[in-house]
Amino acid sequence: MLSGKKAAAAAAAAAAAAAAGTEAGSGAAGGAENGSEVAAPPAGLTGPTDMATGAAGERTPRKKEPPRASPPGGLAEPPGSAGPQAGPTAGPGSATPMETGIAETPEGRRTSRRKRAKVEYREMDESLANLSEDEYYSEEERNAKAEKEKKLPPPPPQAPPEEENESEPEEPSGVEGAAFQSRLPHDRMTSQEAACFPDIISGPQQTQKVFLFIRNRTLQLWLDNPKIQLTFEATLQQLEAPYNSDTVLVHRVHSYLERHGLINFGIYKRIKPLPIKKTGKVIIIGSGVSGLAAARQLQSFGMDVTLLEARDRVGGRVATFRKGNYVADLGAMVVTGLGGNPMAVVSKQVNMELAKIKQKCPLYEANGQAVPKEKDEMVEQEFNRLLEATSYLSHQLDFNVLNNKPVSLGQALEVVIQLQEKHVKDEQIEHWKKIVKTQEELKELLNKMVNLKEKIKELHQQYKEASEVKPPRDITAEFLVKSKHRDLTALCKEYDELAETQGKLEEKLQELEANPPSDVYLSSRDRQILDWHFANLEFANATPLSTLSLKHWDQDDDFEFTGSHLTVRNGYSCVPVALAEGLDIKLNTAVRQVRYTASGCEVIAVNTRSTSQTFIYKCDAVLCTLPLGVLKQQPPAVQFVPPLPEWKTSAVQRMGFGNLNKVVLCFDRVFWDPSVNLFGHVGSTTASRGELFLFWNLYKAPILLALVAGEAAGIMENISDDVIVGRCLAILKGIFGSSAVPQPKETVVSRWRADPWARGSYSYVAAGSSGNDYDLMAQPITPGPSIPGAPQPIPRLFFAGEHTIRNYPATVHGALLSGLREAGRIADQFLGAMYTLPRQATPGVPAQQSPSM
């Protein structure tokens, strides 16, 4: 299957490498396609030159990394990232730099963050790196350094390597920290702020500094107490002089932050009552986290909001199993760091019982034996190098298309693995060539020595005969004796030299035979452990590696949040339940059709318990938070009239929607190590690598939660619960012993792909897709004018959900932020922007077209 692609991959890699003339080192993103110097391949792996000499295989797989924690509606939520964001909305042009590499995450060292070191070698760097300390520092500097070291106290004793490091990274505090926590740069305006405050961005620098202080201080006041509404009056009262002198600017900043969900979001006590008269009617399809967040915002802005939910509960893919003392999340499960995460605010508003996830994750082989630490670390290091190599192929050699088809991460990894296997065979061949060459040299030498020995023997006989002539000998006879002696001495010396060379060759031959190179790149055992890491990466992305985009699969890595990953021990569903309080939600109501025109919208829905019962809802705007899996469904689950534009449907088709399933096992007692949150099970085959590969111990009650990822996630949905639970117990008995593992009291098996209201777990960047598609998914749709020549209509159909937020996809916080984003967009459209100057018009809405990326 891969043979046809091998030669092409090898040739492409060789050509690029020959042109680049690279050195060994770690590659940094952005090289070949940007016209900058090409970085070298990752150390320890066969470089592009080797690629040219042999077959290339398919590619295999970065987060994350990862694994991702539970997604907003999936089963695991990928690590988000901290970083400045241009307001809560990322525009179509805000592509993130590509990074690929590996790092440990708080969720466990098994999680790939898939980041490459951001290092670019320059000539100066290389020359400095090669200097010794004596060459680098002057004599005065060396003496001063020595004196300073004498005065320094001895370093504190380091903790044993086995111990968990509980320390958290330092984060900025004060107004600067408030901006950081809100994902904003503290010292400059974002592009969204610049668009909303043109008078400030075009004004003097001092005016911008005043704006930034007011903005950051307002954020700080909100974050200090997010349980109570932060009013304009309270903000003005607490602002220090002279920043409180410009009340108009303070009001504009407060209105902007409130409108865009940076303050007064989530569940908080209102100081000002909701307006009695509602302005504008909005129907929200779906009551997941994005829909609930948007609904609360729109309601607080004074709009009339109704949510239509097909399930008999709120939360969507945030689903918690509860029975007696047993609590376990079937969907979203992990908070991926609190530094910059809006869930940090929600966790203060809601009773979220957060607990850090310990990083230690022992692995157990198929026979139940623990994987030795040295073997575990060696394979994990190789896994990291393989990912770095695929990044090098993509970003430095631009090997992203093969036979006019986008290359997947899975293909790339197999390419690198096969190149490594070829490299091992090449080394074997070279080794045997050296042995054969040494043997030939030894054979030739021994033949010389045999011939020389015969000559010496013959010459010795001649010398003996010449010496036996009794004196007095004539001059001729004397000369003959001396010449024979001289020749004999020379031959003996030559023989001794050959004997010395013989010893060296025999020693070399012995060394070569005693130290053969490895005959395989990966033993079958190594490959099984490597497949465990691949399964973990498939968990992070909720899809087989063969479907992931090689170039863009980790495009959101720059926005990862800081801090430990945490679990919600009392169940993640406490969040949507709290968000739903006080909202108009129609449960068991499935939307069948959405009609949108220049004058308004109409939503047709049915009762899921009695499909003959139809409801029609008229409104000014519709916010669609349907999961991407439902939007991809064929035939369509929801009909749009008129049909969605081609640029929207193409984005839906290009993007990937993954699958990840869980098995919840509730026991009457703990039989595993209670100090460990994670332990892995290494499958026996590549095909089954994702089957029950990771067990989680997170809750107070004795519960184990097993994950099924990759190809196994889809296969498992067609197998009965009894068989799946039986397989789980067999694995656990192999690890802990048959007598130690009791029958579970309760079991639950998720099947997210079969769920008609989800059709999968969460989005991923499929081969052929990119971060641009998330931006396209977020774009609202404007109906065409009903009458030719009529004014350009306004947008009527809006979209939110984890699949619409480029920087934070496949996460609960991403869903939350997308809901806040769309609430601000809808309110600006129908209520006007309160933060604009009186002389400014509300920003116009562009005509409907394919958004330029």
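Glycine is no exception: its Cβ is also placed from the backbone N, Cα and C atoms.
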Check the candidates Ser132, Ser287, Ser720, Ser818 against Swiss-Prot and report the one noted as phosphoserine.
Ser132
Stated Swiss-Prot location of coiled coil, expressed as one of 111-152, 531-572:
111-152
Given a 10 Å Cβ-Cβ cut-off, pick out the one of the recorded sites Lys443, Lys470 that has the most other Cβ atoms nearby.
Lys443
Could you give the mean pLDDT over the region 'Demethylase activity' (301-853), rounded to a whole number?
93
DSSP tally for the domain 'SWIRM' (175-274), helix/strand/coil in that order, comes to 57 helix, 2 strand, 41 coil
What are the sequence-distant neighbours of Ser612 (phosphoserine), meaning same chain, six or more residues apart, C-beta distance under 8 angstroms?
Val606
Spacing of the two Cα atoms, Lys443 (SUMO2 cross-link) and Lys470 (SUMO2 cross-link), in whole angstrom, works out to 43
